[in-house]
Amino acid sequence: MPALAVLLQQRSCPRDATDTGMAGSGHAVVDIDDAAADEAAKTLLAPVPYVLCFADLSYSVKKGGGLAGCCLAPRASSRLVASEDAPPPSGSSRRAKTLLDGVSGEACAGELLAVMGASGSGKSTLLDALAGRIARESLRGSVTLNGEPLHGRRLRAISAHVMQDDLLYPMLTVRETLRFAAEFRLPRALSQEKKRARVDALIDQLGLSRAADTIIGDEGHRGVSGGERRRVSIGTDIINDPILLFLDEPTSGLDLASAFMVVQVLRRIAQSGSVVIMTIHQPSARILGILDRLLLLSRGRTVYAGTPAGLNPFFAEFGAPIPGNENPAEFALDAIRELERQPDGAAALADFCTKWHNTSAVDKESKLMCTMPLELAIAESVSRGKLVAGSGSGSALSGTVPTFANPAWMEVWVLIKRSFMNTARMPELIAMRLGTIMVTGFILATIFWRLDDTPKGVQELLGFFAMAMSTMFYVCADALPVFVQERHIYHRETAHNAYRRISYGLANAVVAFPPLVLLSLAFALITFWAVGLAGGASSFLFFVLIILASFWAGSGFVTLLSAVVPHVMLGYTVVVAILAYFLLFSGFFINRDRIPEYWTWFHYLSLVKYPYQAVLQNEFGVASRCFSRGVEMFDGSPIGRLPETVKLRVLDAISATLGTNVTANTCITTGADILAQQAVTDIGRWKCLLVTVAWGFVFRALFYVVLLVGSKNKRR
Ligand SMILES: Nc1ncnc2c1ncn2[C@@H]1O[C@H](COP(=O)(O)OP(=O)(O)OP(=O)(O)O)[C@@H](O)[C@H]1O
Ligand SMILES: [Mg+2]
């Protein structure tokens, strides 16, 4: 029940329930299943008014430079650079381009506000500004909800932002995509049936019934149509019935009927007590009929703010009356376009708009008078089913809205499920990886077929190990595009608290692991016996473990890199270069004791060093083995080319000189000698295994840090 004070406040408010259109609507989108039953109860409750006010929003960017936005004084001074074509003033603002120029207005719960204007007029920029996607230091002006500044956690928890481009998992069906969205955004306390019913109702409302079991698709896989994808995108963001909803061109790419359907759904969300702001290019007369409020922009300035019906008197007073048979929105946009062709753009209309607002009595009465404090309003909304996350967990925000709908373990579980489902539908990817590793294993097995215990065999074995261990890391490079592609979805989902960043980091690690086991086993089975490695079953097991550890470290390394580099191609360049350095410093090309001292630190950083050293110890650690006997010690030297009998005589001479009996069968080089020669005795094989595994964890931890501090998906 709402607090008494709140109810009293509601009673004294002149904008009553009928006025906002909320009285009889209830939560049509959320409680579709039992909307009728709740209807009567809800009409008894006072609406929860929200007023989102934005005042003098100004935002500019440096021309050419892209980023580095700076603020300009609102209106009066910034008008100097309001037009791109206007001669730039001197000084630092010479290269500044103003995208928003003192835009003010308000949007109320219960009303659907449409931002209109020509392409490039700043609609998306305004939406970004309102949705907190522009860095605070770059944006001038204020955005408040019920008089309280709006940013950070609170904004993320109660809002959703549907952007112009659709980012979805390509191999999931429409229904699955929405189900996963429901799993993330709806609380665990809500039963599976309710969640399912919510998804089904949404599918129905968005007109997606026929495409419900079709995959989303991408360039390589035929999937749903562009318009359907648009609607799925909207569905994933409105699933939890947010209090603030921003949509960038939700209707573009849709035919008239679907566009109307979408706008109707949005209007219903607004009427259920949300603030809904969308941008729209060219609304049809039918759509215009159900919009509550319009905000027209031209080059970042407001040229009209008011109801659709107000367009007629506004333009009539401006001196350009709208002909009776014309779509007023179309006429207005044409008129603005016409004005923009003139040297001072639509400045005259913008000035007229300011005057018109100052003189007319429209909206003079501040709506803030009718609102209640934000915390109370949110609590009230949640109690009526808004946000559908009322019983979730996570650090409570203002005591009413949980920051996240579900506990972390649940998020990890759902993320894992989604990722497995998406990759399981692309078996060609895992087949490619397996194929690569098997072909490499096969080539290595045939080249290094059954190596013997001779000095030559030892040299070849060292080559095999170095090649095999670096292959593990190179094969991991295929993990690079995974996050580079996925991170846009990740940024969008975490921007509105679908899940915690740590959940994503954990799920990413868990999902990456199982294929590595398969790859390790495949490689070890193909090479271990074919090359003739020693030590039997226990040695084989260690071989599998060290390969698995290498894969683990390598995939961690590549995943970290994928979060840091902006493009896949750049990522590959960096991966290949760094892996080459790792191999160079691994101890294979140059032993540890021969590496210049000032480079020793890099030897210890080399990821290849540890598995390489571990497999050498695994192979040469068997005490009874001998790798060079009697005259074999001359192999590779000028004496090696002499006849056998001569070599035996040299051996006798050596025996006589040393005073020991060195025969043709005496073991000259043991495994321990080789390990010492290769300078790989500083760390034992199990420790090497541990270090390799630890590297994998370190990289994953760093990946999480990058996720945490990385791009906040904001414009600067
Ligand atoms: N970094 C930037 N540097 C320079 N100009 C920019 C930058 N970012 C955006 N703009 C410009 O700002 C203007 C407004 O962009 P915005 O995306 O808000 O337009 P829009 O009204 O949403 O257009 P559309 O209808 O085509 O989506 C455009 O002219 C665009 O070229
Ligand atoms: Mg846009």
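Using N, Cα and C of the backbone, Cβ positions are placed for all residues, glycine too.
Feature annotation from TrEMBL assigns domain 'ABC transporter' to 81-324. Residues or ranges marked as transmembrane segment by TrEMBL: 430-449, 461-484, 505-531, 537-561, 568-590, 689-710.
By the count of Cβ pairs under 8 Å, the stretch nearest in packing to the transmembrane segment (537-561) among 430-449, 461-484, 505-531, 568-590, 689-710 is 689-710.
Sequence-distant contacts of the transmembrane segment (430-449) (same chain, six or more residues past either end, CB-CB distance under 8 Å): 423, 460-461, 463-464, 467-468, 471, 475, 478, 515, 518-519, 522-523, 526-527, 530-532. Below 8 angstroms of C-beta separation, residues 411-412, 415-416, 419-420, 423, 430, 433-434, 437-438, 440-442, 444-446, 448-451, 461, 464, 468, 471-472, 475, 479, 483, 540, 543-544, 547-548, 551-552, 555-556, 559, 700, 703-704, 707 of the same chain, each at least six residues beyond the ends of the transmembrane segment (505-531), sit close to that stretch.
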